[in-house]
Amino acid sequence: MVGNGEWTTPAEYEVYFCVAPEELYHQANMKDTETRGELSAKHELFPLHKNADSENDTVESNGKKIQEEEEVYNNEAVGRATSFLQELKHSKDTRFKFILSICVSMAFNILGWTKGQLGPAFVDLLVISGCDVEKGSFFMTSYFTGRVIGPILAGILSTKINRYMLLVLSLLANASTVVAIPWCFNFYLMMAAHVLHGMFGGVLLVVVTKEAVSIWGPTTRGRSYLQIINAIFAISAFLAPMATAPFLVQTPEDPTPHQNSSTNFTITYHDVIPTTSYQIVDNMTWNQMNVTLPTPKSRLFIAYSISGGLAILAAFPFVAMYTISTGTSTHLVSDKKMNFLGNLPKIVKYLQFLNIGIYSGVLTAGDFIFSGYLTVFCVQYLHWSKTSGSFLTSTYFFAKFSARCCGVFLVRVMQSQSILLTFVLLSTLGFVGMLISAYLNLEVGLWISTFTIGFTAGVAWPTFISWTNEHFISMNAKVSAYIMSTAFITLLISPVLCGYLMEEVSMMWFLWLCTCKSLVNVVNVLFIFFYTRAAKKRAS
């Protein structure tokens, strides 16, 4: 690359766009080191204590340079070589990272959008396939089975296929399965479609997460970016239920059924006449016919077609990146072996490795079960309309979005383990409030509790990923696949268990299970918190 910013050869252009983000991060650090050396030399040539009376023009010019250099030093003191806008203007590395960040955010948006549709659309999926809640729970189990298989498949393919092509294929596969789901009128066909949808979603989640972590590295900017893309995920999940609601089958205003009846009435007429009295008895039969109105057809296929179109649009940028990187030898990123951080005993690290797997599984199960069954709970237990239930689900996702916006700044002032501990305790209080509000039928309490649960859940996942990458083990495709696989293993059982208890015992078991999962997460986070403190003490 020449000084004016132009590429000298096509090969150099190709290598730039296919280089791994980790390599770009180290190259940027090398450039920063060279810049510091140049600035130190300039300070020696232009000292601050020059005589102001001689060579005024030169001193003024040098003074401006020194002032600019001091501003650079101040920015370095807070972890930045220059302002982000200046980096975008002058650094091609930063511009590439910025463009890649936008593309990854678009792919992450698809995951949030399809997740947000799952809850409100679940009732219509039951209508389409002719199932009740207990039988329909196998749809979610099928979906999460695919989510377990997907990360394993992604871990295998990540070292064999260009990462941009892997993103393209997973996005297009997601689009095709989403569009097909509303047309699966058979129960088993619906299950198969959800398995494929979950599998391709699992592949996409692993590749996107690994790419997001590696773009900016384990830096403050990297931690903030993880919060940003998860905020995009949340806003997509917040908008999806509202976009889906107009296409759902509307709940009838008067659902009371009418049955055939046959009743005998004896009617007695009395007429007063001075000399005569008589009585007339009539037996009359009333027959009431039950008129069955045609059930409105679901228009869910329109909402799911919109989701498929968004996934196709998100794939286009990665097609361009793949085209540029084709033919080079650096487009495959070989994952290193698992690299545990710190110097604690191996047995402790392996136990913590197991603990983060349990944490990711229970956290994800609680999140998906709560958002997936919340609309059903509102409709069948609280007797709300499907529209109201969809808006309560949207409130949950809006709270997650708000938390992640706050998390962009919160991660700069609080340690990851402290954030996890604080928010998991608040989440438990939120579920307790939800239980009390549901028992007492306090509508305001339900809205407040839902917002609290969503707000605490919003920061948990990206902060957990940041903590893992910074304090425990470097995130690569294998580690990412492990976390994502364990995140969905518990979902193989949870939907069936939750659906059975809601259908056969009580709808309130929906909230009892979520509360129990939150308590398990409290124990997991306590292990994370004390592990971090022990690692810091050992390091010092």
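Just so you know, glycine gets a Cβ as well, placed from its N, Cα and C.
Lifted from TrEMBL, the feature list:
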- 98-116: transmembrane segment (TRANSMEM)
- 136-157: transmembrane segment (TRANSMEM)
- 164-181: transmembrane segment (TRANSMEM)
- 187-208: transmembrane segment (TRANSMEM)
- 228-249: transmembrane segment (TRANSMEM)
- 301-324: transmembrane segment (TRANSMEM)
- 356-382: transmembrane segment (TRANSMEM)
- 394-411: transmembrane segment (TRANSMEM)
- 418-440: transmembrane segment (TRANSMEM)
- 446-467: transmembrane segment (TRANSMEM)
- 479-502: transmembrane segment (TRANSMEM)
- 508-531: transmembrane segment (TRANSMEM)
_I need to check the long-range neighbours of the transmembrane segment (508-531): which residues 6 or more away from its ends have a CB within less than 8 Å of a CB in the stretch?_
344, 348, 352, 355-356, 358-359, 362-363, 365-366, 369-370, 373, 377, 381, 417-418, 420-421, 424-425, 427-428, 431-432, 434-435, 438-439, 467, 472, 494, 497-498, 501-502
*With pairs closer than 6 in sequence left out, are the transmembrane segment (446-467) and the transmembrane segment (228-249) joined by 3 or more CB pairs under 8 Å?*
yes
*asked:* Out of 98-116, 164-181, 479-502, what stretch is closest in contact terms to the transmembrane segment (187-208), meaning most Cβ pairs under 8 angstroms?
replied: 164-181
*Which of 136-157, 164-181, 301-324, 356-382 has the most Cβ pairs closer than 8 Å to the transmembrane segment (98-116)?*
301-324
*Report, as numbers and ranges, which residues of the same chain sit near the transmembrane segment (356-382): CB under 8 Å and 6 or more residues beyond its ends.*
115-116, 118-120, 122-123, 133, 140, 144, 237, 241, 251, 388-390, 392-393, 396-397, 438, 441, 446, 450, 453, 457, 460-461, 464, 468, 472, 482-484, 486-491, 494-495, 498-499, 502, 507-508, 510-511, 513-514, 517-518, 520-521, 524-525, 528
*Given the cut-off of 8 Å on Cβ pairs that are 6 or more apart in sequence, determine whether the transmembrane segment (136-157) and the transmembrane segment (479-502) share at least 3 such pairs.*
yes
*Go through the chain and flag residues at least 6 beyond the ends of the transmembrane segment (479-502) whose CB is under 8 A from any CB in it; none is fine as an answer.*
133-134, 136-138, 140-141, 144-145, 147-148, 150-152, 154-155, 198, 202, 205-206, 209-210, 213, 338, 356-358, 360-365, 368-369, 372-373, 376-377, 380, 465, 468, 473, 509-510, 513
